[in-house]
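**Q** Grabbed the feature section from Swiss-Prot, which reads as follows:
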- G38, A39, S40, G41, A42, G43, K44, S45: ATP binding site (BINDING)
- 2-241: domain 'ABC transporter' (DOMAIN)
Amino acid sequence: MIKLSNITKVFHQGTRTIQALNNVSLHVPAGQIYGVIGASGAGKSTLIRCVNLLERPTEGSVLVDGQELTTLSESELTKARRQIGMIFQHFNLLSSRTVFGNVALPLELDNTPKDEIKRRVTELLSLVGLGDKHDSYPSNLSGGQKQRVAIARALASNPKVLLCDEATSALDPATTRSILELLKDINRRLGLTILLITHEMDVVKRICDCVAVISNGELIEQDTVSEVFSHPKTPLAQKFIQSTLHLDIPEDYQERLQAEPFTDCVPMLRLEFTGQSVDAPLLSETARRFNVNNNIISAQMDYAGGVKFGIMLTEMHGTQQDTQAAIAWLQEHHVKVEVLGYV
């Protein structure tokens, strides 16, 4: 549905040249929810704006539903953009128009008959859960409701693609979850292809099928969400994953934790489990095999891309030889082990 090939984007600011994107290629199959994650300034907003040519690439090809957008005339591009809806971090609603009027605007600009506008807007407001807000004004809506209006407006022309530019970053966690569930529901009901950009791995984990990691204008890793979570190939991907699978060391342990071993100390471990290792009784097995005892301090389990993930903080009690053997055995069984220090 979306195919970006060798996209490069260069900005000129006076005598300065800024390369925002460098030879980026990305394929989003029809019906998928695809996430692009990166830090601020990585190039993700420029990338998503190249899809509908709000930013025209310096080099490269942009195919949407089999149509090459970079070669179209302005009138042809305007027509093609009707198949590409877009929502933003800021909702950009017209304060002088009601909810109905905001959603109706793109249909009015397209000279859609009034009866069809009424039918379509009513249908969309019901879809986004705002069937009772036809006559409300944006000033009377919550942030989540405003974003729902923006989503309905983006769907007014019945697009095949929806672009989401940090669409939840201005919302609180509970509202973010509700908007993500709405996007997932729309994807499922309408078969809509969704490309979203974010700096939050929680967003990717919750709804995306695939994810690409962008850094300094380049895609450094891309795969299914489950594969990236299970086997991250780059330090940046690992960092994003750790930000969503995170356990804080309790304060009393932080006060006692030391970087180097000392007499009668035990190692504190951070264990990450993925796939089959999540449900396997691996800690019990280490106790039997290596004569070690594990004192679990805290643990958390979650899902990403349909795959279960777990994280645990534990003290491993035993001789140095036994604990080293137990750690090596856990690593052989696909558990990521990090020695945080000694207590």
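Each Cβ is built from the backbone N, Cα and C atoms, and glycine gets one as well.
Are these features on the surface or tucked inside, and what are their neighbours?
**A** For A42 (ATP binding site), applying a Cβ distance below 8 Å and a minimum sequence separation of six or more within one chain yields I214, S215, N216, G217.
Across the residues of the domain 'ABC transporter' (2-241), the predicted structure has a mean pLDDT of 93.
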**Q** Using a Cβ cut-off under 8 Å and a sequence separation of 6 or more, which residues in the same chain sit near S40 (ATP binding site)?
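**A** Expected: H199.
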**Q** Around the recorded ATP site, report the further residues of that chain (criterion: Cβ within 8 Å of the mean position of the Cβ atoms of G38, A39, S40, G41, A42, G43, K44, S45; site residues excluded), sequence-ordered.
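**A** Everything else in range on the chain: H199, I214.
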**Q** Starting from the Cβ of G41 (ATP binding site), draw a 10 Å sphere and report how many other Cβ atoms land inside it.
**A** 12
**Q** Would you mind listing, in sequence order, the residues at least six apart from G38 (ATP binding site) in the same chain with a Cβ closer than 8 Å to its Cβ?
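**A** Same-chain residues close to G38 (ATP binding site) (Cβ under 8 Å, separated by 6 or more) are K44, I197, H199, V213, I214, S215.
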